[in-house]
């Protein structure tokens, strides 16, 4: 772990921090491309082949039955079900307000009406990771905004748990009102959603995080379908000053570090003394933490850097973190200068896990500095905004000279004539 003043970071150290473990998919593109081509050509037969190869099971029917969903409720703790239901309510409420703040509008000027309307995509596919662990919270985060946006058909794909679906994933899908759940994962699931098979419908957009093969597949099918954004290892930047609580900072650091050996955790702090206290607390907490094998690897991707609050803000904006915690004396004042972040957590009582599960905001967020150009998953992800225009003859006359002049300048004489014929 680097512990150093921002002003003293050399070019290599700064590059390690800013260009953290970005997902390099070039080496697996031929393999993923072959999988996608096979799924496109052979449909369900290809899916069965890859499920046997990668998951070690034979599945004839990928769609989860109503009976299987009903049984799933009996297989998980009732408190987990209750927590999923409560989390769903918060997530749904947040995204409903988000949807209400999307506006259709129209201007009316001299015989020209021009505006924008809002329409959802027709079908959405939500990929939910599996493998080492299953993530029912990701079901809520992907399905809920799609349903709120008005998507007619929202389906979930997730790797099988043996020959069945993971019970918590099935329950979460039912709570979020998914229209279909399929026991299929990996690049082959992305291919099924992009091209459609006999059993799995083709969708218009694919959302949700996944491993490097899923990320590569999403990039390759983009254009055939829309996607949310590329996803990489999870990351957090925690901004601190003298007022910050070292215990809270250390625990939030470990909460991120336990995600993945490639997770990145950066702490910016305004004093060297505070930086040392935070480092000591982190090392102390690691001794009794769970998932230490993962934490000890991800800590190699981490740093504590010291600088003025302005230097810390500048570094944060360059880093563009997936999660940004501002644990300073006046977090809302710092917020005014933040340009790039996936989701922002203010003050001592807003750790990243609340956004991961229950505050209502979405946890599917851009990583690897993609927050410079992407927002997190939202109802807008599933929305199209067609523009509309209606002109009177007087309105057309008022702009006809502009249209005909520019059309003819570009050599598009029939464009010009289409206007002139209406005015003759």
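Note that Cβ sites are derived from N, Cα and C of the backbone, with glycine treated the same way.
Here is what Swiss-Prot says about this protein:
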type	residues	note
BINDING	127, 188, 211	NAD(+) binding site
BINDING	234, 256, 259, 323, 356, 410, 415	substrate binding site
BINDING	256, 259, 356, 415	Zn(2+) binding site
ACT_SITE	322	active site, proton acceptor
ACT_SITE	323	active site, proton acceptor
Lowest local Cβ density among 188, 211, 234, 256, which the record lists as binding-site residues, within 10 Å: 211
Candidate with the highest Cβ count within 10 Å, taken from the recorded positions 322, 356: 322
Cβ-centroid neighbours of NAD(+) site 127, 188, 211, 8 Å, sequence order: 129, 157, 159, 185, 186, 187, 189, 190, 210, 213, 214, 217
Cβ neighbour count within 10 Å of residue 323 (substrate binding site): 26
Using Cα positions only, nearest of the recorded positions to residue 256 (substrate binding site) (127, 188, 211, 322): 322
Candidate with sparsest Cβ neighbourhood (10 Å radius) among 259, 415, the listed binding-site residues: 415
Between residue 127 (NAD(+) binding site) and residue 234 (substrate binding site), the C-alpha gap once rounded to whole angstrom: 17
Around the Cβ of residue 127 (NAD(+) binding site), the count of other Cβ atoms that are within 10 Å: 28
Residue 322 (active site, proton acceptor) and residue 410 (substrate binding site), distance between Cα atoms, whole Å: 44
For residue 410 (substrate binding site), the number of other Cβ atoms found within 10 Å of its own Cβ: 10
Cα-nearest neighbour of residue 234 (substrate binding site) within the listed recorded positions, 188, 211, 322: 322
